[in-house]
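Annotated features in Swiss-Prot:
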- C324: active site, thioimidate intermediate (ACT_SITE)
- D267, G317, M318, G319: NAD(+) binding site (BINDING)
- S322, D357, G358, G359, G380, F381, Y404, R405, G406, M407, A408, Q432: IMP binding site (BINDING)
- 111-170: domain 'CBS 1' (DOMAIN)
- 174-230: domain 'CBS 2' (DOMAIN)
Amino acid sequence: MSNQTYRDSEYLDGLSGEELFNLQIGLTYRDFLVLPGFIDFHPSEVELETRLTRNIKLKRPFISSPMDTVTESQMAIAQALMGGIGIIHYNNTIEEQVALVEKVKRFENGFITDPVILGPKNVIRDLDAIKERKGFTGIPVTEDGTRNSKLIGIVTNRDIDFEKNREITLDKVMTTNLITGKEGITLQDANEIIKKSKIGKLPIVDSQGKLVSLVSRSDLKKNKEFPDASKDERKRLRCGAAVSTLLESRDRVAALYEAGVDVIIIDSAQGNSNYQIEMIQFIKKEFKNLDIVAGNVVTRAQAENLIRAGADGLRIGMGPGSICITQDTMAVGRAQATAIYQTAKHSAKYDVPVIADGGISNIGDIANSLAIGASTCMMGFMFAGTTEAPGEYFYENGIRLKKYRGMASIEAMKAGGDKRYFNEGQKVKVAQGVSGSVVDRGSILNFIPYLSQGLRLSFQDMGYKSIPEIHKALRDGKLRFERRSESAQAQGSVHGLYSFSAPTMRAE
């Protein structure tokens, strides 16, 4: 038998991308499969590096959505550490959004830069409440109870365990003879001080004795290097922020720029508007080195207008999200896979990457979106149940859940989300989203490696080692697809079992 392997035109099955998406019917991720290619490499050889915009590269094609139940500073930090990026939502004041961005930009791995702090006149009962809510003690005490004031003590369990009167003020019980580290200390040196001194927390102070950050003994085992972290030229974590198209958002952009934001997402359900074009032009004129992702768009004409205005990246999707009802309510939008293919093909002429935004519920959806032209995937549903997402967990029927709501839900619009839908100031609100809950997914620091490994395995099955390779094969017609009938979709999922358990992730 011949050792020859067949990869090219002689034995092509299925359809090219052009043939698949010229069928004059809207397709979603479940409506097609990528046909397998030839494997001559290990999954570890697959590179997931990609571009967010013309100028910003990421080591992982994952972006957390600018939703108030998905991305604040904790999520953005975790995403950047793992090679992606988080986009801070704008259902807040300018000052609040800027503060969230600043937390990301000043983050140093292993240093707690926004520790819980109390003042000298707080009482032991306040510490009890923190322990119950957060699960830890060892709280720094500063002169006025804020981060940028002089450190005067620390309160630990040893100080308060046997104190019956929980109304005693902390200045009466706190430890004042403190071991501290000086601002600029390395994490390695800080850890050595903790080990030698046998203390639980090491406060880091500046030259004036003001609290800068905290290093915790409990984090010693958790701290690890993040070689794929998304960092700017000054080695700070990358972070994005969303703004609306309203005139008042120009002040928001200016403040975010001063805070060091890396990319602005102009957040609009229908991005093809004079409001968005004017916002793009304003940003490009005033902040020339600030990248812009415009959108949302689903057609080539929409993409053309925003690219001509100066967009560095495009966000694709109108109505595919799990909490979005735009297509049902407004009768406007487009099937997500078709939208990605058509806009990505057009945007590639200008070297503008596109983001697949919405409708992603598993690794297969991520792989499909990248295979048809997207460079990155923006996710809300997938990340909403993680530890780093805003909000507290709650239980329902024994299942651990977190709240997740669309930014066009009535609940979110009351908090300011209607700016995205040209609906601000209107007495009658028309919802284009819903509120719900999602199951606990654990930490982003464990979930992203799971998604990454699954994506590498998918790329291996396709026969390609990188996102640029797949995009080239798509353009050349070598990446082949097949439409799926309803019965094919049913057969490709779990079927015929009385019951089953389907764990999807296991860490060795």
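Even glycines carry a Cβ here, placed using N, Cα and C.
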Cα separation, M318 (NAD(+) binding site) to G380 (IMP binding site) (Å, whole number): 14
Other C-beta atoms that fall within 10 angstroms of the C-beta of C324 (active site, thioimidate intermediate): 24
Binding residues D267, G317, M318, G319 (NAD(+)) - maximum C-alpha distance in whole Å: 14
G317 (NAD(+) binding site), number of other Cβ atoms within 10 Å: 28
Composition by DSSP (helix, strand, coil) of residues within the domain 'CBS 2' (174-230): 14 helix, 15 strand, 28 coil
Nearest of the recorded positions (C324, G358, Y404) to G317 (NAD(+) binding site) - Cα to Cα: G358
Overall pLDDT of the domain 'CBS 2' (174-230), taken as the mean: 85
Euclidean distance between Cα atoms of D267 (NAD(+) binding site) and the residue listed as 'active site, thioimidate intermediate', Å: 15
